[in-house]
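The annotation domain 'Neurotransmitter-gated ion-channel ligand-binding' is assigned in TrEMBL to 70-154. The transmembrane segment feature in TrEMBL is assigned to 195-213, 220-240, 256-279, 354-374.
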Amino acid sequence: GSSRSLPKPVIIETRLSIEEVEVKDGILETTVEAVLALSQNELTTSNIEVLLLPVDQQQHPFTDIQFASEEQQTIGSFRAVTKADGRIVAMKERKHLKTSCPLSKRFPFDGRTCELKLTSVRQQASSLLLRFHPSASSITLSPTITTSKFHLVKVTPESCMFETVYAIMTDSVLSARHSCVIARFSFSSPLIPSLVRYFLPPLIGPFIAWLNLFTPRFNLLLRFVVLSTGILTVFLSSMISQSTPPTPTLSPIDQWYIIVSILLFLFTVEFFITSSLIYHSHKYRFMSTGQGESPVRMKSRQRIERKESRKLALSANNDVEKSGCYSSMMAEVFLHSSDRFSLTATRLDLTSRFLFPFILIFLITLFFFFHLYVLSE
């Protein structure tokens with residue numbers, strides 16, 4: 001029947017002064033000056049003194065508070081502490097922190113958000129509560145902060161809670177609730193530099209492959225070299241873009257390379273079709289002369305002659321086969337077939353010159369419309 005009130009938690013208010021910020025390779029690097037102090041309700045104004053204590057000397061109640069960073073280094077050998085009536089009520093220290101900050105799913109079409117978290121590791125929220133100072137200056141930024149790839153838009157203070165699970169027995173667990181504060185960094189990605197860096201270099205490959213359509217179509221070696229140069233250019237640009245940390249899903253940059261690869265595939269298919277047509281054109285033109293043929297080529301010529309003679313309603317055993325009329329008619333048939341293949345290759349080249357740029361423009365328009373307008377909405 002009796003009841004008792006729970007002890008009030010110790011409230012620690014935080015101020016952060018951000019001196020340096022850099023985001024690169026999926027890591028947020030910051031230099032921070034953190035000021036931790038007991039809440040105003042718990043402070044006294046008598047017998048105030050400021051001391052410098054060694055970094056390795058931890059002081060209650062700030063022993064439990066740590067930055068949740070992959071790497072952290074305390075700057076200097078001492079930290080400043082404030083005592084009131086012999087009790088430590090405030091602490092100030094500078095740290096260099098490295099925190100994971102992966103790219104967003106829509107990079108570089110949207111900004112980037114990174115978190116810097118200060119947590120109470122061992123003491124539960126019922127005994128120690130972290131929060132930012134209620135004033136507007138709980139997080140201050142140095143006016144000299146510059147970033148190389150992103151623009152720092154703002155830093156937002158937030159309070160948070162997280163749970164940990166402790167194993168007590170084999171089949172029994174106990175969860176604990178801890179307090180934390182988060183400084184949320186919001187970065188914007190400048191679109192024009194991103195376009196120049198990530199989207200423009202891969203387009204050089206399709207442009208080189210498109211110029212390949214203006215080279216002499218009978219010079220297959222030259223066409224192969226030019227097309228290979230375009231493919232190699234896209235490959236090298238993709239290797240350069242891999243310096244950007246990967247995202248868990250298919251990013252817009254990956255989608256862009258898929259579009260470029262599709263276009264290069266069309267250029268490659270056009271090259272092989274044109275090469276095949278040119279080969280058959282040369283083959284039939286060579287057969288029209290009937291000179292210097294190898295046994296294999298002779299059999300091929302005879303097979304095609306029989307096929308064409310049936311079309312002309314000529315018998316293979318007719319005396320016309322041995323006359324000059326037959327030979328001239330077969331020569332005309334082979335020349336006609338050669339011209340037909342050559343004309344088809346020419347039409348394919350001319351069509352590709354105008355069609356492929358329209359396909360590329362359509363895919364680019366669809367890509368940027370989808371990412372800049374549809375997903376942004």
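Cβ coordinates are placed from backbone N, Cα and C, and glycine is handled just like the others.
Worth saying up front: this structure is predicted, and the values here are computed from it rather than measured.
Mean predicted confidence for the domain 'Neurotransmitter-gated ion-channel ligand-binding' (70-154): the pLDDT average there is 80.
Highest Cβ pair count under 8 Å relative to the transmembrane segment (195-213), across stretches 220-240, 256-279, 354-374: 220-240. Counting residues 6+ beyond its ends, the transmembrane segment (256-279) has Cβ neighbours under 8 Å at 198-199, 202-203, 205-206, 209-210, 212-213, 217-218, 220, 223-224, 227, 230-231, 234, 238, 241, 341-342, 344-345, 348-349, 352, 356, 359-360, 363-364, 367 in the same chain. Counting only same-chain residues 6+ beyond the ends of the transmembrane segment (354-374), those with a CB under 8 A from a CB of the stretch are 106, 109, 206, 210, 213, 252, 255-256, 259, 262-263, 266-267, 270.
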